[in-house]
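Written below as structure tokens is the structure these notes are about.
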């Protein structure tokens, strides 16, 4: 007789754009995971109001309010979509309470996670960090290049619609660049990484666009191209709006040192141009920067949930 598996209940701290979009995704498409609570600090926020209409438990008293609620004992996974400073406070309390934390801020208390690159080796982590929207969009490309050739240097430029950048994003610009650059190295495999974010004020708003530059110590363009296309297909498994804007560009170099590399010998400058269109669950389609964060976080939560369900079976 087949056993019915009970989904893992999740709570989301942060009732802004990211938290609300994540809630809608879980309600519509979540696998092995279900909404338990949406937590905010403003009782009149659109996110909390929408959650109440959808029958989701809410509190406007932050993490303390969630911890006092009767539903807290049933929560297995907690998403934090607040701010880096707030998550630093939340992380220790969640750890003490035995809750798995998925951090959507740049706090980086736990290991960086990009689902298609390093999720499987971090399934036992109690707190994981989703890097940044720019990191989720570009680190898979850096990793795709790095798995076929050494990458002494990688640089990314993330351009997002100004209208999609809420107060949390704007308050965390410095943390965004620092966290993304570090994750390009730690997760992407580049020896040195650099990140730039651009808030595009264009009206009507443009969808997220990302540029990735890698210095690769190889001349095998076909191997690099195949690896990049394979990685893009894998990311599209959870972010359907993720795509190449144009074909991968290569510039052969006689000597890597001419462009800042430490090794002599032939190399390639690899340029990859991406765009990310949002699914439109709660946010407009131009907010691909927010959609890729919530989609990646949900992919991590679903994998964690399968692990927890198997352990409880």
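Cβ atoms are placed via backbone N, Cα and C, with glycine included.
Residues or ranges marked as NAD(+) binding site in Swiss-Prot: 15, 16, 17, 18, 164, 165, 166, 167, 168, 169, 170, 171, 172, 289. When other Cβ atoms within 10 Å of the Cβ of residue 166 (NAD(+) binding site) are tallied across all protein chains shown, the result is 13. In three-state terms derived from DSSP, residue 166 (NAD(+) binding site) belongs to neither a helical nor a strand segment and is classed as coil.
Residues or ranges marked as active site, acyl-thioester intermediate by Swiss-Prot on the basis of sequence analysis: 133. On its own chain, residue 133 (active site, acyl-thioester intermediate) has 158, 160, 208, 289, 290, 292, 293 as residues at least 6 apart in sequence with a Cβ closer than 8 Å to its own Cβ.
Its own atom aside, the Cβ of residue 170 (NAD(+) binding site) has 11 Cβ atoms within 10 angstroms in the protein chains shown. Just so you know, the Cβ of residue 168 (NAD(+) binding site) picks up 20 other Cβ atoms within 10 Å once every protein chain is counted.
With a 10 A radius on its CB, residue 15 (NAD(+) binding site) counts 27 other CB atoms from all the protein chains. Under DSSP, residue 15 (NAD(+) binding site) is assigned to coil, being neither helix nor strand in the three-state scheme.
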